[in-house]
Amino acid sequence: MGVWRLKIGEGANNPYLTSTNNFVGRQTWVFEPDGGTPEERDQVEEARQNYFKNRFRVRPCSDLLWQMQFLREKNFRQKIPQVKVRDGEEINYETVTNAIRRSAHYLSATQSSDGFWPADASAPVFYLAPWVIGLYVIGHLNTVFPAEHQKEILRYIYCHQNEDGGWGLHYEDGGTMFGTAFNYVCMRILGEGPGGGRDNACERARKGILDHGGVTYIPSGGKTWLAMLGVFDWSGCNPMPPEFWMLPPFFPMHPAQMWCYCRIVYMPMSYLYGRRFVGPITPLVQQLREELHTQPFHEIEWSKARHLCAKEDLFHRRPWIQELFWDCLHTFAEPLLTRWPLNNFIREKALKITMEHVHYDDKASHYINPGSVEKVICMVACWVEDPSGEPFQRHLARISDYVWIAEDGMRITGIGSQTWDAALSIQALIACNLIEEMGPTLKKGYDFLKNSQAKDNPPGDFKRMYRHFGKGAWAFSSQDYGVIALDCTAESLMCCLHFSMMPPEIVGEKLEPEKLYLAVDFILSLQSKNGGLTCWEPARGGKWLEVLNPLEFFENIVVEHEYVEVTASAINALVMFKKRYPGYREKEIEHFISKAVHYLIQTQFPNGPWYGVWGICFMYGTYFALKGLAAAGNTYANCPAIPKAVDFLLKTQCQDGGWGESYLSGTTKVYTPLEGNRSNLVQTAWALMGLIHSGQAERDPTPLHRSAKLLINSQTSDGDFPQQDSTGLLKGSCAMHYAAYRNIFPLWALAAYRTHVLGLTSKAHSSAVME
């Protein structure tokens, strides 16, 4: 039988692994064939069966396996009795304190030895297939993902197959060509026959693919992977010429102008396109050619296939100018660049330059790369360049950084959310005002943040490689990851500012002010002319370049953009920093905050909310915006944007006192409630805190009492909160599952409620008695 174990901070014994902080923050799963007691194995199997039975009711998993492991290792038992609020009963201070303490103790018990909180950060169903395809075409699938891994991959695929036989872009999505074709190919590569798979999974999937025209209708991102596999032809893909790397960096089409994630995907993919790399045409590949196309492979008009896309995958239509651009490259540029003499001079030089960038990014990120999509393409490119080379071996050693195991099987995450979740968890615990009770937990969390702050800028001449400085800032996952993010920096900075005001006997050695100054410098560097904040690098390319967005299912991916929630986090952090260290760049910070507030006001929707890009959606954006505006001194009385936002939140409150928003808001940009007007506890927490920041407790606390009651009564017996719909978002169309959110935000909201609502009520009551 065996069990899976989550390991923390390991890697020092692998000669192909490097780290700047001794692997602090690294989380990897290992299968122990002889591990686990019979009771433990039964518990895991019960969790798997419960998930599968209820998978169409709640699509994201509860991420139970590592939590069961940690709670068992720490011998955790919830000792604080549960108290619920009955109908007609007022919430008192003791009841909410009881719920807060129960949740805080549960959160403390799930903290890792490194000080962060492990968690699943996934949902895009398409993350997994490129890894299976990539490892298959280079011949390393069975060594990297042996039998137990493959068993969990298949479990994951079966768990997330829709009732119609397809898979969507993410867990809650309807069937798409992209998701269905990718998962069908995975099942076949992993040994399932054309009629195999659980509940006839393969045949049901293939029927959906063929009924929608076959895989020539897969979106662009799928065409390239199927071309590498040999199930598609490269001439059916729109051009990705590596020669763009040879253009002057100021040229609009140069990758230097791109959003960093787009640039780093384009980088290795342009190399593979330039090489027209195709894996071995195995008997399986030949079978897939027959199974997935509606006509014989050699009769397909590949040039026409370049512009085909199933309507289910089409979130935004390509403008005619983009198709003209691709057609010109395909018809005129590529025939010249792939023939003598230009192929020997220009193309080969372009490919060499491209791989220089690939190797730089690999080394700068310790071969983790910015995300799973980028990682696997870089790994395949390194193998194509040199199958026995050290870069490829180092890539193999970092694959486990992306593997996550839960009760629904094995997935590939986008990237770990260690620092982001830690910064939010720490602030939630600090808000509880249980400093002595939670002291050891807070100290470990602070140690993790200190160990995760970037020690240096990217290596070498990073500006020549189109990277931004990042010394003193924080990344989304770990220090080794190396891709610095502003919102992670802002939230981590606020934690460090809180700790700077706490007794050293509780939090230990404090971060030097100079290291906080470095974080502030990074934040100040990313403000755009409109006052908004980008997240990774300054906005370089013009927004008009989005007309060339090659992905049919994502928006705003070509260049960097400003984000409401990132801007709000920056305001909060710098307001707090300015109070603690008023002498550092004070005038610049004041000007920064003024411009950022103006950006928030300008980006408010006419009906009151703000659009969030990284969370669903209007609830997420509105929570952050109200928090940022309040931090900058804006109130319900002096800022017209706040009453509009409050009106929106009050109008969308559900009957049970909560709030619930569908991921569909992201694509339509119109507020869309969850089906059945049901509530979501994480979104309820966002709305509750947003209203608290607006001063709602002073006007009418009734809506706040209703939502707090829902949170308290929804808490589970051990202090956890139940998993519900996904609450993260990726580029407008893809729901993201941040499993840690269900523990962080309800706790934070109840702590804010106790302090700012019940505390206010208590003061008012005391004043009335005294009068």
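Note that Cβ sites are derived from N, Cα and C of the backbone, with glycine treated the same way.
In Swiss-Prot this protein carries:
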ACT_SITE  D487  active site, proton donor
REPEAT    150-191  repeat 'PFTB 1'
REPEAT    516-561  repeat 'PFTB 2'
REPEAT    642-683  repeat 'PFTB 3'
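Secondary structure by DSSP for the repeat 'PFTB 2' (516-561): 15 helix, 2 strand, 29 coil.
Sequence-distant neighbours of the residue listed as 'active site, proton donor' (same chain, 6+ apart, CB under 8 A from its CB) are W420, C535, Y563, E565, V566, S569, A570, W614. DSSP places the residues of the repeat 'PFTB 1' (150-191) in helix, strand and coil in these numbers: 23 helix, 2 strand, 17 coil. Helix, strand and coil residue tallies for the repeat 'PFTB 3' (642-683), in that order: 21 helix, 2 strand, 19 coil [DSSP].
Secondary structure at D487 (active site, proton donor), taken from DSSP and collapsed to helix, strand or coil, is helix. Taken together, the residues of the repeat 'PFTB 1' (150-191) have an average pLDDT of 98.
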